[in-house]
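Have a look at the structure below, then the notes.
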Amino acid sequence: PEGNMQFTRVWIPDPEDVWRAAEISRDYKEGEPVLHLKLEDETPLEYPIGPKSNPLPFLRNPDILVGENDLTALSYLHEPAVLHNLRVRFLESNHIYTYCGIVLVAINPYEQLQIYGEEVINAYSGQNMGDMDPHIFAVAEEAYKQMARDERNQSIIVSGESGAGKTVSAKYAMRFFATVGGSANDTNVEEKVLASSPIMEAIGNAKTTRNDNSSRFGKYIQIGFSRHYHIIGANMRTYLLEKSRVVFQAEDERNYHIFYQLCASASLPEFKDLSLTTAEDFTYTSLGENIFIEGVNDAEDFEKTREAFTLLGIKESSQINIFRVIASILHLGNIEICPERDGESCHVSHFCRLLGVELQQMEHWLCHRKLATASETYVKTMSSKQAANARDALAKHIYARMFDWIVEHINMSLQTSSKQHSFIGVLDIYGFETFELNSFEQFCINYANEKLQQQFNSHVFKLEQEEYMKEQIPWTLIDFYDNQPCIDLIEARLGILDLLDEECKVPKGTDQNWAQKLYKQHGSSAHFQKPRMSNTSFIIIHFADKVEYQCEGFLEKNRDTVYEEQINILKASQFQLVADLFHDKDDPPPSKSSRVNVRAAKSVPKVPNKDHRKTVGHQFRSSLHLLMETLNATTPHYVRCIKPNDYKEAFSFDSRRAVQQLRACGVLETIRISAAGYPSRWTYPDFFNRYRVLMKKSDMMSSDKKLVCKNLLETLIKEPDMFQFGKTKIFFRAGQVAYLEKLRTDKFRAACIKIQTTVRGWLQRVRYRKIRKSAITLQRYGRGYLARTAEYLRLTRAALICQKQYRMVRDRRAYLRVRQAVVTIQAYTRGMFTRRIYWEFLLHHKAMIIQRSVRGWLQRRKFRRARNAAIIIQCAFRRLRAKRQLKQLKIEARSAEHLKKLNTGMENKIVQLQRKMDDQMVNASLGSEVTKLQKQLEVIRGQQGDGGQLTSLQDELERLREELQEAQAERKRMEEEHSTEKLSLQQEGGVRFCLGSELSCGRLSLSADGGGASQREESLQSELDAERQRYQNLLKEFSRLEQRYDNLKEELSLSKPGHRRNPSNQSSLESDSNYPSVSTSEVGDTEDSIQLVEEMGVEKAAMDISLFMKLQKRVRELEQERKRLQISVDKMEELAKRRGSEAKSPTSEQDTADLAYNSLKRQELESENKKLKNDLNELRKTVAERASQNSSSNELQDGYNLLLSQLKAANEELDARKEEVLILRTQILSTAQLQEKNQHIVSPQLVHCPAAEPGPDPGLTLKQQDWCYLNEDGELGLAYQGLKQVARLLEAQLQTQSRQHKDELEALHTQIELLKDDIEKKQEILNYTMSLSPEAQVEYSVQQEITRLTNDNLCVSCLKDLKELVEKLEKNERKLKKQLRIYMKKVQELEASQAAAVTGRSRPELSRQVTVQRKEKDFEGMLEYYKEDEALLIKTLITDVKPSTVSATVPCLPAYILFMCIRHADYINDDQKVESLLTSTINAIKKVLKKNNDDFEMTSFWLANTSRLLHCLKQYSGDEVFMTQNTAKQNEHCLKNFDLAEYRQVLSDLSIQIYQQLIKVAEGIIQPMIVSAMLESESIPSLAGVKPMGYRNRSSSMDTDAGGPTSYTLEALIRQLGQFHGTMRDHGLDPEIVGQVVRQLFHCINAVTLNNLLLRKDVCSWSTGMQLRYNTSQMEEWLRGNNLYQSKAAATLEPIIQAAQLLQVKKKTSQDAEAICSLCTALTMQQIVKILNLYTPLNEFEERVTVSFIRNIQNRLQERNDPPQLLVDTKHTFPVLFPYTPSALSLETLHIPASLGLDFLIRV
């Protein structure tokens, strides 16, 4: 099969690690007995294969799937894959939570992790489970969401071994519910629910060998919710309290915590009466020999327990009584049972005193018992052992009763009177247990786990079935383990529990008899076994494992016997609480049956027929059935806690222990059920995005993605049973996703190779072309040069040849002479030395001959002597032997036959010896001859070759000597060159070292000076910010309390009966004038702007975009006004023509009135001109002085030039107005002369005009008469004609200028785009520069600087021309605007006069307007109102005002109007009026904001007005600090009588509260958009990848009914920010405050984005880092575009920018680690490590971050003092600062629009 080919990775069993990784080293064919493997350490292994005993090994998943959040996302689902995935996540990534379908697997890290803070709760709240990393909060959020969505109760079932972390997980789940579903009112139910935890831990938890805080009981807590899903109450049920721990603890274990806590606090005054000492002095607390827990302070925990009791409403007296009962149990344990009485026992007296019982009776019944028969009752003395057992049973019973009393009162405290709409239950129950000795407790625990496992299996099976049916997949029955037979064995009729209860009823029942009954009844059961070596134990085959139970003690624990006499004594206690503990209730509530830990006293029956009470087993079975009914009626959520090791070591993983627990808790069963069907599931869009690389181009263009996916799968996977198509998903068999991943990887690899081939070829071609071009260029230049110098080269070459030949001949002759001399000398010298050597050799040779001869003679003589002696000895010996042989031969010779045989053998031997001797003689002669010839041949050859060889050796010797001399000369030359170069380099290095040291010293000194100053400044700033933050937090608390007071006040008012009048029925007055009233504040906008420039300073004004936008808006309004006036002028022209044709009937009275009016207008115009001229001169002087002071700055100089151009334009405008005044004066004089000439014709017509309307106003009558006369003479028509021509001329000029201006604006926009491109290029250059080495950076920066300077020199002239052109255009634009305003005012005045003449008195408002205009010069900037109009003022100006109604007026108009009213109250010295107005204003603003608490526009509007009112109170307060920027007129308007400093403080506090509300509203709007816009939307298309998903991304876990969460893009987020900024800017909010708001919002964006990134494994990839970096750059670009980059908002994005860079950089070598440490300065060590752990490759080509690299990062960052928390505080608020910004607006120029309906205000 393909899965068993070579290089396939598999899992094989291992005795130590359970499973071990290996790789197939040789292809396997079906039927072969052996599979050849290679382990990870390259060790070969032959793995035997058998059809039954040893099947083929499991296949491993691809590396890209390892470490998945959900185990069901794995392609191969089996035990080794699950174990490996958990191990990798736990050890390498330190992730303790993992999903396994619907189960959350939680591994105890044995270390405090910073992943449970409030920020984490906020991050998980409202999220889908599949969107975030696995967490207990995700399960809690899923339960909370399903409760709200499905209207169904929920349960969270937490199970696991002791020490696995069940209690902590349940505690965190309840904390989540308390935070998310906090109570709606002030009852603080959620705090009470959490307060129950320390109490239950104190009385129900203890230290065991496995866990320091082990829960020794099970509990089910129901948290009740209202219809709005707020916590309203809770209820707790407890199960199977371990009472035996009260009287016995194993070694290194403790009793319940409450005993040690009480002993640790025994020294407190209120506990003196308890007579307690240390825990070592009491038997019940010292059996474990170790009374302390490392890192736990019992006294502090006791204080927390008492606080929890108090919070839950348990009185102090009841608490003291509880502690008395606990202390009495300790004294009871110290009572010793002796055979004889030995004095009084103090512990007995303490016990009786604390419980309030009689001492003598208790002493008697502790040692005696009562036996009742049918006729009599006996009192029997108990043995010491029986008495001790009875004492311990009493102690256990007292503690159990007290435990039940506390639980009952906790439930009473948590109950609620309101109706419970739904609940979420949290079940913290013991997991499957098996020990060496298993008793009744383990039996009950495992029985409960069998029931829970059955419910779990059926629920998983049900969910799988629902998923298949929902997707319309054919449902095939999946076989899963059904443990109903095991449950029937325990609880069915005549089951184990029934037999146990029956044996308990037998008078003399024993454990052995019960065991025999079990063997007889259940011996044939498949789940029951009898041990071979025991008759008092039995084995039950549970779903997790076989467990052997010892029968000893079963009956006693099931009976739970306590003697009735002892209980009766306790019932008679003088303390009511003690007596109530032991009184049996006649009609107990049904819930009692659920608390199996509450045991009634076992009273001895007085009559034999009396029924026994219910046994412990029966109670537990009933409570368990009730629990199962509750769980079946809810939607369960499962948390399986795993204990990674038995040594409590942090992040240590024991595979064998983990596998045991995985098998026991049902995780592997879930995997098996899932793997039996189609475990891998993909939605069609995700499958299309992931595997579109395998499709054809034609398929990708198709709109039907579903059909494309079907066609692709049918092509790729040939077996149709391997996948199924659902409605929204594709279902795959196990392993098919891995196969598709392999195809995808192969496709990518082929594409990469193709790309690499093409790119490398292209690079080589480019390189070749460059080299070829360079070679051709060099050749061209070389040939040209050679061609130009050919003749010179030829002559030079000839001269060189001649020189060479001459020098050669000369040097050769000299060489030959020297050589000849040297050879001669050598010959004589060699001859002399050779002769000497010869004579020496000759002497030696002669001596050797003499020595040889002497030695030879001596040896021969010695040899002869030895030979002679040997011969003599031989002769003697031979003679002796010959004699013996002769004697023998003589004897033998006597036999003739023997002699014959001897002769025959001798003849044969003689013949053979003769032949051998002949052959040897021949061979010896031939060999000697051959040897002699060879020696002669070698001698001849040696004589021939000696001569030539000697000559060749001499020549070779000469050549080698010459080469040696040349080499020595070359060596000497090289050494000289080396020494000179070394000397020069040393000198240059010294110079460089000096320069470098000087530079570093300078830098150090500068950095030291600057660093000290900056540190001092930063410390002062941080102290200021901290103080401001504390103050603002107090204000926030004050506003919260004030809000609460208002709520209570409203509730009180609602409770009072009666009718209240609604003030909203008062209608506002509106003006019915068709013409807008243009005042000097609108006409003088440019002057106000100039004054604003003067006050703000030239540098700020140059960058003030709000001023420019205000002017631009005003230009648009004036353009519309000009068009409307043009239409009015045309109408008036037609009207004048009609009047010219009518009869002329002016009156002398009208003429006189009109002349008076015109003269008055002339005087006003002249005075206005003078005033403008003086103001302009003062402005010119001020600007000149400031410009001279700041002449060093180029930007200030440009601003000064801009102001000069504005002043010149204003001066020209003054001249134009002066000319207009002269023209008007001339027209008036000519009119007067014509009136004198025609005075005789006026009298008949004077009677007609007054008759038109009876009782006219005299002034208006004169004016009408004057109009009539002017119309008669036609002067008015001429004036209108002239004005009309001027207006048309101006319109033509304005249109021309506007067209030019539009063209130039387009050109400027083009330049802006070019500048943006330039900025992007510079950003790329900067990124490239940062990646270079320091030396390369310096060289590259110098090169770029040279290029930039060259380009700048070319562009300077162009920029200057453009700048001059822009300034010229702006100057022309201002001039035209001013001219347009002047003529518009004139036309309006004439139009108003014309309308007055035509309509008479029909519009009295016009006369009022004229009157107001005449008195403008005397206006003091105050508004008067009557006291009774104050409510109407507040209603009109605050309560009913809408920001849109005053949007076209001066920003912050309500604030100015209110201050002008305050000024008048101050002017008339009315302190009550001032106080009433300010108080009403503040209260009205608060009410408006409370009513519109989620309206950003309204909040921004009132923040701007409140801050402006505060600034006005400061500006006009009279304090010199605030008057430095005031004009003389503004200083005259200062308050005279009252000091409003206290109200300034109140307004400042109100401004801070409004600012905080504004931030809250804005964050609430943008917070749902942040994650989607910053992390999920594809701002760079097709960059993000898709990975396989698990169960949590299935439709059953998503909110499909609501359509899922709304998806936002980055553009939507930026658009929302732009809307916020535009709203604040339009409302006139100070730019500094706007910057602080934007900074706070950017902090929120950064915090939410980073927190989500730290909690989501799916977004920690390279592509997400690229997307995130692009998104942050867009945000920074938005800041630059709105001039907000200097507001510190960009700095708040630094952590998320660094996180994006961290996702993109290399993460492999130590250099990469160093770069990361220097790069990520804004991230904490925990955040960096978390991101590295979460980093997930999306493709096979990316490498995972190794554990060693992460450890390297941690070691490098140990020196940092980072805060311990992982997530960023999203609720952190920067302290707000309201800088003082005085207004340049003059109060006397302020205009109040008639639309506001404030006509009751009187200008003063």
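A Cβ is built for glycine as well, from the same backbone N, Cα and C atoms used for every other residue.
As recorded in TrEMBL:
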BINDING   GLY160, GLU161, SER162, GLY163, ALA164, GLY165, LYS166, THR167  ATP binding site
COILED    879-923  coiled coil
COILED    950-984  coiled coil
COMPBIAS  1015-1025  compositional bias 'Basic and acidic residues'
COMPBIAS  1063-1083  compositional bias 'Polar residues'
COILED    1108-1138  coiled coil
COILED    1162-1227  coiled coil
COILED    1280-1325  coiled coil
COILED    1359-1393  coiled coil
DOMAIN    1479-1759  domain 'Dilute'
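Around the Cβ of ALA164 (ATP binding site), 25 further Cβ atoms fall within 10 Å across all displayed protein chains. Here the binding-site residues are GLY160, GLY163, GLY165, and the one whose Cβ sees the fewest other Cβ atoms within 10 Å is GLY163. Just so you know, the Cβ of SER162 (ATP binding site) picks up 18 other Cβ atoms within 10 Å once every protein chain is counted. DSSP assignment over the compositional bias 'Basic and acidic residues' (1015-1025) gives 11 helix, 0 strand, 0 coil. In the predicted model, residues of the coiled coil (1359-1393) average a pLDDT of 65. Note: the ATP site is recorded as GLY160, GLU161, SER162, GLY163, ALA164, GLY165, LYS166, THR167; in the same chain, ASN108, ASN211, SER214, GLY431, CYS641, LYS643 also have Cβ atoms within 8 Å of that site's Cβ centroid. Long-range Cβ contacts of LYS166 (ATP binding site) within its own chain (separation 6+, distance under 8 Å): VAL158, SER159, GLY160, SER215, ASP428, ILE429, TYR430, GLY431, CYS641.
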